[in-house]
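Chemist: Below are the features I grabbed from Swiss-Prot:
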BINDING   GLU42, GLY45, GLU47  Ca(2+) binding site
DISULFID  CYS53-CYS180  disulfide bond
DISULFID  CYS60-CYS174  disulfide bond
DISULFID  CYS64-CYS169  disulfide bond
INTRAMEM  2-13  intramembrane segment
TOPO_DOM  14-20  topological domain 'Cytoplasmic'
TOPO_DOM  41-73  topological domain 'Extracellular'
TOPO_DOM  95-135  topological domain 'Cytoplasmic'
TOPO_DOM  157-189  topological domain 'Extracellular'
TOPO_DOM  211-226  topological domain 'Cytoplasmic'
TRANSMEM  21-40  transmembrane segment
TRANSMEM  74-94  transmembrane segment
TRANSMEM  136-156  transmembrane segment
TRANSMEM  190-210  transmembrane segment
Amino acid sequence: MDWGTLQSILGGVNKHSTSIGKIWLTVLFIFRIMILVVAAKEVWGDEQADFVCNTLQPGCKNVCYDHHFPISHIRLWALQLIMVSTPALLVAMHVAYRRHEKKRKFMKGEIKNEFKDIEEIKTQKVRIEGSLWWTYTTSIFFRVIFEAVFMYVFYIMYNGFFMQRLVKCNAWPCPNTVDCFISRPTEKTVFTVFMISVSGICILLNITELCYLFVRYCSGKSKRPV
């Protein structure tokens, strides 16, 4: 699945999201997906080629690079974006199911007074209520979990969010502890901190949306007649 397909799917979900959910989707596309596609390759395009170690031992440089960068930053961020966006597919499938049921009832004549034609059913905004409320809320909950897990994995895997200029490596087949130098560490640190910060903003937006949904759910229950 390419980014265009993902955008079209999430764009469909966006029609039925809350205002906070629409802000989250905007942040996701502009500050994460577009930045990753446009700028990340320029920053990390030289990561292995310009990873220099002060040894001529065959294989030492590759082993040291694999030790300090087991997964490329770009691939990890791409995987994070895919995992974070996946829960929205649950909402998209649920909305599609609801529309299918309405079309079926319309064709049988059960709800002909509610809609003029099938096209109106297709364009109608689906309200977040009933079982769809639970699906939508669950998708946001998993988004928060995935964001937090990936931030933790990133921190553990790379020993923090700041790129070091020099790293030491004594893995086999290196003859001794060798010094290895990372290309453009400051630029990569700035980019990493930016991506992590945006990820944190997305978590805050998701938590805010969860609170909003629960408050609206509770206020709706309190208004029901006893």
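Going from the start of the chain as shown, residues are counted 1 onward.
Cβ coordinates are placed from backbone N, Cα and C, and glycine is handled just like the others.
Just tell me what is around each of these and how deep it sits.
Modeler: GLY45 (Ca(2+) binding site) has a Cβ environment of 12 other Cβ atoms inside 10 Å.
Non-local contacts of CYS180 (disulfide bond) by the CB criterion (under 8 A, 6+ apart in sequence, same chain) comprise PHE51, VAL52, CYS53, ASN54, LYS61, CYS64, TYR65, HIS68, LEU166, VAL167, LYS168, CYS169.
Mapped onto three states, the DSSP output places CYS174 (disulfide bond) in coil.
Away from its own ends, the topological domain 'Cytoplasmic' (14-20) comes close to residues 91, 95, 125-126, 128, 205, 208-209, 212-213 of its chain (Cβ-Cβ under 8 Å, at least six residues beyond either end).
Long-range contacts of the topological domain 'Extracellular' (41-73) within the same chain: residues 157-158, 167, 169, 171-175, 178-184, 187-188, 191-192, each at least 6 residues beyond the stretch ends and with a Cβ under 8 Å from a Cβ of the stretch.
With a threshold of 8 Å between CB atoms, the same-chain residues lying at least 6 positions outside the topological domain 'Extracellular' (157-189) that come near it are 43-44, 46-47, 50-55, 57-61, 63-65, 67-71, 73, 76, 196.
Within the chain carrying the transmembrane segment (136-156), a Cβ under 8 angstroms from the stretch's Cβ atoms is held by residues 21, 76, 79-80, 83-84, 87-88, 90-91, 94, 128, 196, 199-200, 202-203, 206-207, 209-210, 213-214, all 6 or more beyond its ends.
Remote same-chain residues near the transmembrane segment (190-210) are listed as 18, 20-21, 23-24, 27-28, 31-32, 35-36, 39-40, 43, 73, 77, 80, 84, 137, 140-141, 143-144, 147-148, 150-151, 154, 161-163 (criterion: CB distance under 8 Å, separation of at least six residues from the stretch ends).
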Chemist: Comparing the binding-site residues GLU42, GLU47, which residue's C-beta has the most other C-beta atoms within 10 angstroms in this structure?
Modeler: GLU47
Chemist: Is the transmembrane segment (74-94) packed against any residues at least 6 beyond its ends, judged by a Cβ distance under 8 Å, and which are they?
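Modeler: Apart from its flanks, the transmembrane segment (74-94) reaches 1, 6, 9-10, 12-13, 16, 28, 32-33, 36, 40-41, 44, 131-132, 135-136, 138-140, 142-143, 146-147, 150, 153-154, 157, 195, 199, 202.
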Chemist: By the DSSP assignment reduced to helix, strand and coil, which category contains CYS180 (disulfide bond)?
Modeler: strand
